Structure formats: structure tokens, C-alpha cells
């Protein structure tokens, strides 16, 4: 095991605030890594668990339930040695041995007998600092913390490469969906061109209820909260930030892109109305909250927003709390994984799969094998104004003669051509409000926005226009 | 490298006809494997390719195209050293160096400099014998040969475990879909309870055309042949045997079940008519050709047949030549992967992902890591008569009064209860043929068959009844 300050390693003081090397690069010709504590046939891999909430409890259950099988897969028995928790005397799963508990996570990370740290405590700090310290001490690391990965993924990966330890995070992007493993391994020889993903179960549940049950956003949200699918404060989910965190993690794996999560354009689903679902359906679409990524060579395009997709596509039929990730590879073509994107047990299954992978590397004396060959580069984001898409536009207007012409004219002036226009209902006497819905041909978003600004300044709308993007899937 | 006859290994004479050990068992405490030819940092992994048709050509292209990246992932450059082909002077991809070609596959398998054999020649023999011999010589093996895996998968796996080499076959079950990797790794801590899969692109294309385009089976097949989605002799595909091969491979991974492919009940899609699609649609279903597997503890249930599934399910919306595998884990719940199940380039991507995995094991000195912990057991198949399902039954009858009562009565006598009955169209004067379609509640298939036999002997049908199973997905 490498002790901090070991002269054979460059110094990265545990817990120090300076950022680690910013870029994870490949080093096929690197000398063999430092000797770990053990390279022995069959001796147990000692695990330190940070956090023992519902995911942590699930991990303990799964480890106990299939211990013989997991030991056979890993090449060594898996033994939980210490568990860091916030409170000692809370009710826990029977698989949690109280004698292993400590309130000092540092003691777990510093324990020289521990080979592998599993972080299921959540939050940015102290999780980041603890994992960095564990890697500096030569320990393998497994985490399901998407917040952490979105904010510090590249730095943590760089540290793992530098320290020649494994960093696994299947649970951090899509809970139980094996997307990290797929992107890392199945696409090794391919180039990922596009990702289109449903990454937030709360949003997907709400949109499913709005579309199928005709519920309002507020009613569907309340129902999701009742069923435990949404938090009391649903902001992170319904405003799209949770999906953006996961998209940043996926972009790292799919495109090798280092992207600041704060720069990704994000829209949530609060503004959607039942009428939008009805109009979309009339045009043959369903509305889904999607995270979209494209590799454009120099730049990458990343965005998170409600999106119209063809009603009969597989993605449109992923309903309820399920998540799905569609990946398009140049050689492989389209490929999709779907499943439970959140939830304690599915996330625990992903964490245990990672534990087995990392334990196997350690037991085989090839720690760091999982992170080998990962190369990240800073990639500028394409500005949203330059994105090209088809658009759904909904205008609520007084039904005065000539309004439709003025709307279409403004779009035409901006170079946006229209594929369909539908005016809902019969003209009302007295000019009551009606919806005019348009679907455009492919256009630059900047041009569409310019047209909407012109329409807005002409004061012919009863309220701001609704713009939704249409994605071919 | 281990030479045949090396006294440190038990003798399994290359090419000998005796069956290898029948069961792959785990051996976590086994002594370390024999020394391989090299355990060197960064020296190339030498690859021998058996076959250089379209998949083989795709493999060469992908290896050349991303060589730096693949070397970084594998920890060593990947070099193709020899290529066995049937004819030397055929037109091949530019990445195929003619100086590497030989018509003697034995020379490739015997080459002591070769670390890894990639089999893309297809067929049972000599592929089986060549791979067995390669493993006996301590070489890692990658194959995309589903016929071989379905017939000899357990024996080949047992040999890999015994020889402590890797045997990887992602391309052998679902072409480009990363299902082997998922079952092996993501479900390591879970128990797979059910698999429901679309495993044959030809069948799925034909059924999609029949359902969406109203085509007859013959017309849809002709169209599939024109587009290159079906062979001139489509038997293996449309009669369901190709899907059965893949199901047997999946059952090995998902349930640890060793099953003889010939014992799996298989029905193809030749008998389906456009009317079946219309009736299914009326009841809210789509007809898909599915491979279904269930782990029932002692026995396993495996079957391949056209099946009604809810129209709005994800599986029902997997259209055209795409394949999909739905896996239900006890902890993970439902999870699905979909993509191009066949095709040269998708299969080549899977093969190259396997090459990287196996090369990484070899370069790290831990050959055999991929196959470690795989345990197979002989598992009896549940007889089809004991399967419980809901059923779609279509009776073509002369519209004489009382016929519906006699049909329902025969089913009731056999203990089969009916959920819906629909008689198509108006009664015709003179007793012209009409379709009576029923959907049953859950019933034992033996009971349903008994009722159909009784109905048949009563001579009230214009032609044999159509029975299709309904699966909840």
C-alpha cells in the first residue's frame, strides 16, 4: 500500500485543497504501479463503507446474500471491515454489524487494512475529499454519487489514473442502468455520435401521468410525491439539474469531454401544460424530458429540456419512473439500455457490480485496470443559439383575422420555414384566445428566437410563445 | 505458453474427440495458472484471426481505426499476426495485409507467438475443434459464433475455466447488443428471474411489416430478402431456430443453465396471417417473435414463439431489424438493452470489445479472469404442457348458431376460463366462415391443448385453431 508521502509517488497531500492534475491521460508504457498491501490468492478484500442509508443497507444485503458467488467472480471473499455513519444508534438492516460502525469516516479511509472504499454518503463534501484521500492511499474506490461525479469527475478520474487505482461509478449515472459499463467497454472500438436519454425518473413519471392521465403538472407532481417518486422539494428533479449532472458524467465517458455542469443549457418541465401534450399527440409526438449530447468534433452539444419525439419510438414508450439511454455509435448504430434509473436496490446492484470489478482488479494485482485508457479533454459547448433542430411552437392569440399570417411572416423573415400549422378549435366570436401550433422544418435556434422576439414586440400574443425542440429518435 | 503435453497441465490432446469436462465450476482457491508466453509491460498482444469475411473485415477495420485508443484500454498494442481464410485471392478490406493470410487454420492456432484467437469463420466444425485446441495451448479466445455456443457453450466454458484462459462471446448472442457483458457483470449480485427477448432481426422485420404495412408473410419475407435482411433460405430465421440458439446462450449466462438447444420448444412465424395482427391490435396487443426464459428454481422454462404483448410496451415498439433483451432481476427490476442484433459492423464492434477485454487480461498477467466464477448446472426444462400463460385463440368456423357456445364449453370443460370473445363481422347467410377470437385468463397449456383437441374432434372448425401465447411485459 502506498502511504501518503511515499517518495515513490508524487506528493498529493491528502485533503489538501489544491486541485489534482486536471487531465486524465493514457499511459500505456507506464511502469508497474506501487505494490499494494496484498497480492495473494484468495485472501479477502477488505471494504470500507462510507454511509449506511438505504443504498448502503442494500449493498450490505446483496453482499451477504450472494457472498459465495461474488467471491468466485472477484477471486477473493469480500469482507466489510468498517462502516462510517452519522449516527451510531439508528435502526439498520440486519446485515449491518453494529461493531463495525464508526462516526469517523477518516478512520475508515485511513485504515491500512482496507483495500476498497465504497462511498454512498452523497453530497459533494466531505465525499470528494475522502475519496481523493483513499485513492492517495492506493485504495480502489466505488461511488454512486452523481453530484460528486458531475462536479469533480474529471479530477477524480485523473487522480485514479495517477494513483493507478480503480474508480468505478456505475450507480452515478442512471442508478440501475448499466450505461457506464456499456460506454466504457462495448463502445471501446466505436465512436459515440449522439446520446439521447431519459435520466430523471421523477420528470418521466410526471410527464407520463400528464400524457396518459390528462393530469396537470401540479397534480402529477403531488401524485409523484405521494408515491415517493419525488422529493418534498422537487427542484433538482423537475428543473432538470439532476439530469444535467448525469449527462455531464455520460459525456465524459461517451465523448471524453470535460464539461462544466453549470454551462449546460437546462430547462425543466414546470411550464408544460396538458394542452402541449394534446397538441404534440396530434402531430404524432410524445413529450419527454431528455438529456441530449452530440459529438461535433471540436465542440460538443449538450442540452437538457422537454422534447417532442415520435410517439412510436422506443424512448417515447419508456414510461413511469424508468430511465433509458439511447447511444448512437458510428459502427454500432443505435443501442439503448433502460431500467430503473433510481431507487435504493437498483443503485445497490450497480454499486455491488462495481465492487466486484474493482475487487477483482485488486485481487489479481492489476489495480487501476478499470481506469486505464480513459482520456479526457476540455471540449467547448456549442451555444444553444447555434443548435439546429425542428421546433414545436405554440402561440396563444386572440383569433383576429390575419394573426396566423403575421406569425408565419415573422418566422419566414427570420429564415424559419414551417412544416405544419394547426389552429385549435373554431374561431370564437369576440376574438377569444386560441392556440396556434406550428411545427417548423430544421432551423437554427438563434433564428427561431429572433422570430419570437419580433412576434413578442408586435404584441399579438396573449402570453409568451412556448418553444419545444423536436428530436429524431 | 503451455505446449500441448506440458506435464504441468492435465492432458487434453488437441483435437481429440473425447468430450471435455462437462461442468464449469468455480475455483476461487485454485493455484495460479501456468505462465503465459509474456507478462511484459506494453509488448504487443498477437492476434490470430480465423475467418476474414464481412465480420472479420469489420474487426480489422475497427482495430486499425482506433488502434491507439484500444492499446491504451488493453494496456498493450493489438497486432494481427495471421489470418486463416478459405481462399487466398479474394477481394478484402484494405486493412487486410495479404502477407498474413494462410489457408491453414491449424497453423494459426499452433503459432506459439499468438496470444489470442478470434473466430469469425462460423459453423460448428472445425470452429469448435480449433478453439478447443487454442485454449489447450493457453490462448485466449473470442468468438461470435452462436451456433457453436448454443451447441458447445458449456463444454467450451468448462475448458476455458480448466485452462485458465478467457472465452468471450459478446457477438454470439444478439450481435451488437451488449447483453453478455450485462448479464455477466451488471447482474453479478442479482438473480435473473425472467428474460423476454427479440433475438431475430429477420422475424422482427417481417412482423413489423405485417403489422404496420398490412403485408402478408410471403410479401414481407420477399421484401426482407430484397433488402438483405433475410437469407435466400430463411429457415433458420423464420422457423425460430436462430433465436433458440441465442436463448440457450443467454440462459447459460442468466440462469447458469446447461440446456440442450434441441429440447427448447420452438415455433416460427410462417403461419401468422395479417388477420392475427388485426385481431391482436383490437385487444391492445402487438405480435412479436419472442424468446422467453424463466428461472423456476429447480427447472427452467425456455420457449421461442410468436407472442402477444401489450402494444404500448417498450418491446412492442422495437421495430424493424432491431433486437432487444428485457431482463428482470429480483433486485434490479426490469432492464432492457436494444440495438442492432445482427449485421457485420455491429457484430465486429462486439468482437473488438471482447478482444480488448481478453487482451487486457493477458497483458495484465491475469488470463482467465473473465471466465472466473462462471458455474453451470444441468437444469431440466419445464415441459410446454405445464407452462402457464394467457392465450389468444382464433377459430375459423361456419357461422352456425351455437358454435360459440360449443367452443366456450369445450374450454370450460378443460378448466380454461375466457376473458374476451369477439366474433368478427356480421353473421353471413349460408354459414360462411368467420373468425371467433378469444383471449383466455391464465391457464395451463396442457389444458388448453386438451380443449383444442376436443374441439378438433367435434369437427366444427373450418381449419385448425390458431394458438398464440400472451406475455405480460
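Backbone N, Cα and C atoms are what each Cβ position is placed from, and that goes for glycine too.
In TrEMBL this protein carries:
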ACT_SITE  A:246  active site, proton donor
BINDING   A:50, A:51, A:52, A:53, A:54, A:55, A:56, A:57  NADP(+) binding site
BINDING   A:146  NADPH binding site
BINDING   A:231  L-homoserine binding site
COMPBIAS  A:14-28  compositional bias 'Low complexity'
DOMAIN    A:392-466  domain 'ACT'
REGION    A:1-40  region 'Disordered'
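In sequence order, the binding-site residues near residue A:246 (active site, proton donor) (Cα within 10 Å of its Cα) are A:146, drawn from A:50, A:52, A:53, A:55, A:146, A:231.
The average pLDDT computed for the domain 'ACT' (A:392-466) is 89. Reduced to three states, the DSSP call for residue A:51 (NADP(+) binding site) is coil.
Distance from the CA of the residue listed as 'L-homoserine binding site' to the CA of residue A:56 (NADP(+) binding site) is 20 Å. Shown for the domain 'ACT' (A:392-466): DSSP residue counts in helix, strand and coil, namely 24 helix, 25 strand, 26 coil. Looking only at the recorded positions A:146, A:246, the densest Cβ neighbourhood within 10 Å occurs at A:246. Residue A:56 (NADP(+) binding site) falls within a helical segment according to DSSP.
There are 27 other Cβ atoms within 10 Å of the Cβ belonging to residue A:56 (NADP(+) binding site). The least crowded of the binding-site residues A:53, A:57, judged by other CB atoms within 10 A of its own CB, is A:53. Within 8 Å of the Cβ centroid of the NADP(+) site, not counting the listed residues A:50, A:51, A:52, A:53, A:54, A:55, A:56, A:57, the chain contributes A:49, A:58, A:59, A:120, A:121. Take the CB of the residue listed as 'L-homoserine binding site' and look out to 10 A: across all protein chains shown you find 13 other CB atoms.
Between residue A:57 (NADP(+) binding site) and residue A:231 (L-homoserine binding site), the C-alpha separation comes to 20 Å. Distance from the CA of residue A:146 (NADPH binding site) to the CA of residue A:52 (NADP(+) binding site) is 17 Å. The residue listed as 'L-homoserine binding site' sits 16 Å from residue A:53 (NADP(+) binding site), counting Cα to Cα. For residue A:50 (NADP(+) binding site), the count of additional Cβ atoms within 10 Å of its Cβ stands at 26 [all protein chains shown].
Straight-line distance linking the Cα atoms of residue A:55 (NADP(+) binding site) and residue A:146 (NADPH binding site), rounded to a whole number, equals 14 Å. Close to residue A:54 (NADP(+) binding site) in the fold, though at least 6 residues off in sequence, lie A:344, each with a CB less than 8 Å from its CB.
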